[in-house]
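Trainee: Here TrEMBL flags B:323-429 as domain 'TMC'. Annotated transmembrane segment per TrEMBL: B:47-68, B:119-137, B:210-234, B:254-273, B:285-308, B:332-351, B:372-390, B:396-413, B:434-456, B:490-519, in sequence order.
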Amino acid sequence: ECTYFTMKEIKRLYKRFMELSLLYYSPTELKKMSRPTLPPHIIATMAELKVNPFADRIIHVFSDDVNGCMTFEGFLNMFSVFNEQAPRDVKAFYAFRIYDFDGDQYLEHGDLLRTLERITRRSLKDEEAELIITKVLEEAEMDDDMKISFMEFEHVLSRAPDFLSTFHIRV
Amino acid sequence: MSLKFRHFKEDTRKLFASAKLWDYHLKQVEGNFGSGVHSYFTFLRGLFLLSIPSFILSFSFISIPQLLDPPARNHPEVKFTGEELITGANWFTETIMYYGYYTNGTIQTIPGSVYKMPLAYLLATAGYFLLCLLWLVKSTATSFRKNYIEAKEDESDFISKVFCAWDFGITSDDASKLQHTMISTELKEILAEKRRHKESRSSAKKCKVFLYRLVTWMLYLGITGGCMALVYFVNKELLNKIKIWGNIGYQISLALIISAINLVMPIFINLMTHWEDYKYPRHEMYIAVFRNFLLKLGMLAVICAFWTDGNLKSTHTNQTASCWETDLGQEIYRLVIIDFLFTIIFATFCAEFIRKLLTKCIPSLKLAEFSIVNNVMDLIYGQTLCWIGIYFSPLLSLIIIVKYFLVFYIKKVSVMQNCRMSTQRWRAAQSQTLFNAFLLLSFLLCAAFLCVVVFLETPSYDCGPYRGLNRSYDAIIIEFQRLASDESSYWFAVIMNVISSVWFLYSIVVVLSTAVVLVRSRSIGYRKFAKALREQIALEGQDKALLLQWL
């Protein structure tokens, strides 16, 4: 109901979900399960997520239980947020949770450092990374607490026009 | 049986669902080359879909009725040879391909119905232009609203680099490795720049740069003027030779010259703009694109002005049947075909394919990057030609549809095989707005030209749906007068009188201007409000820090 997909696309996604399930479960097991869940390492084999450095964070954010297993609703939700029709605030909300590695509703030094490492594959020197993190905090900060809350993050993204086009997976 | 029918219905619906055409190909391109090249192919698909209603409108309302009642040909002895496909002349001249063939009377093959060709011709073209206008305004407005954010001029803002740099649509390994390198290089560059404390230019350097720019603008205007004059003189010289049927060499020479200029001049213009040493590479790109665009439009304008010039049109004392609309239509047709051939041969085959072969011999030479900006501007130029030509050659839309179809597949194959991913990050948002704006601009210019042709120019005396009239628009006026005098359509005449009166238009203009002023003042108010709120947040943050200190 709340996705940005058409009926046809939802059916196509369901087919892909079923194909992935068959990699993990046997067909008889699958028939018995009413709501199959997929473990994260199976979802990470999808072509769209395989080369993404944030694949594990994405799966974690959209998964339904502590182990990181995802039902079909979570699967659908994940791709509908990355759909090009999803509005900016929805994408910003989930982007914040993806970049928030320790899950404390703030993007602090540690979260930013790990984000940087992921996107540059550790090719930056330590002092360069520190400098970048300081600059980011300077630019985003509005209330001087050295961490980025969701409000500040959303405000900052409203000034970055490319966010909508890069935060987009075509499925 | 019914299951098969349902499958068939689903398949046809899948084929015609407009946003889903070529989806698989687009995904492949995006996965391997990122969102920049993907936006080029989406733009191409949009233009392709826009041409389809054009063809349906013109073919069903203009061409099919004429086919039911073909007029007699003036030159029945000319037969079809293969060269018409390139020159568009000879046998094609007196077919439904061009304006000159259409009758100015009514078609009454189906008993009881009266189908007025002049009205149909004008209204179908007007309908298509209205459709294009609506679509273009809507797409420009949405992209402007979504993407035009008052970004800081200083391009090095870290937030957007850190959080928006990774293109989530990439699916290939090589592309992702390249992205990692790209992002880390960019970040390092920005840090180095900040460390260098970029010095502002001294006034002596500013003077030098100003002189350079003056010189290059003069040079550019000189080149453009020269090309336009060249086109004019060549056209004038070849005027008589073009009209001789069968003279293929002379007929295509003008189109060859124009396409050659379009191929070679942009290289010089880009170099010139590079020498001007702009502070931001983005500005350099905008200016180069604008200059190239202006050059192409300038040459087109010369051709259009040449053929609509009063001296060349036949008067009713001149015996040789001379149909300037058909001639202009043929010129546009030749331009379209030759431009297509040049794109395929030079831009795709030579630049990309042969370069790939050369990379095997010369190890230091790398594969070509797919130049998104140049290719999009080529598309816009092609679409401009189509808009100008659609009035003079109703079947041009079919040619354009076939052209776009072929271009899509050829370009896609070429990109996948011969190009490598660009090393510069593609700022999708601003470029999308820019391309939409250029498309809208060229559409408005074409529409203005056609308004001049319809409302001001005298049509040819002995060919076309408006022969014998003073202006093409007179056909509509005659129809209105007929409706006004006819008893049964009295109310229609009254309404049309009101709408076309000056006071009605004046009041519409006043209402729209007031609406614009109101909306603008509201937006200024919102901006001030947002600024005040931002200051308030900063103050609250300081208060919070102070309170924490006291505890």
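Going from the start of the chain as shown, residues are counted 1 onward.
Each residue, glycine too, has its Cβ placed from N, Cα and C.
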Trainee: Which bits of the chain, at least 6 residues beyond where the transmembrane segment (B:332-351) starts or stops, bring a Cβ under 8 A of a Cβ in it?
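Mentor: Same-chain residues near the transmembrane segment (B:332-351) but 6 or more away: 85-88, 97, 251-252, 254-256, 258-260, 262-263, 368, 374-375, 378, 381-382, 385-386, 388-389, 392-393, 396, 399-400, 403, 406-407, 410-411, 414.
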Trainee: As a quick check of your reading of DSSP, tell me how many residues in the domain 'TMC' (B:323-429) are helical, how many are strand and how many are coil.
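Mentor: Split by secondary structure, the domain 'TMC' (B:323-429) comes out as 81 helix, 4 strand, 22 coil.
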Trainee: Looking only at the domain 'TMC' (B:323-429), what is the model's average confidence as pLDDT?
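Mentor: The answer is 82, the mean pLDDT of the model over that range.
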Trainee: Can we call the transmembrane segment (B:434-456) and the transmembrane segment (B:119-137) in contact, meaning three or more C-beta pairs below 8 angstroms at a sequence separation of 6+?
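Mentor: Contact criterion met.
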Trainee: Using a Cβ cut-off of under 8 Å, list the residues of the same chain at least 6 residues beyond the transmembrane segment (B:372-390) that approach it.
Mentor: 36-37, 39-40, 43-44, 47, 51, 54, 58, 125, 128-129, 132, 262, 266, 285, 289, 292-293, 296-297, 300, 304, 329, 332-333, 335-336, 339-340, 343, 347, 396-397, 400, 403, 411, 422, 426, 431, 435, 438-439, 442-443, 445-447, 449-450
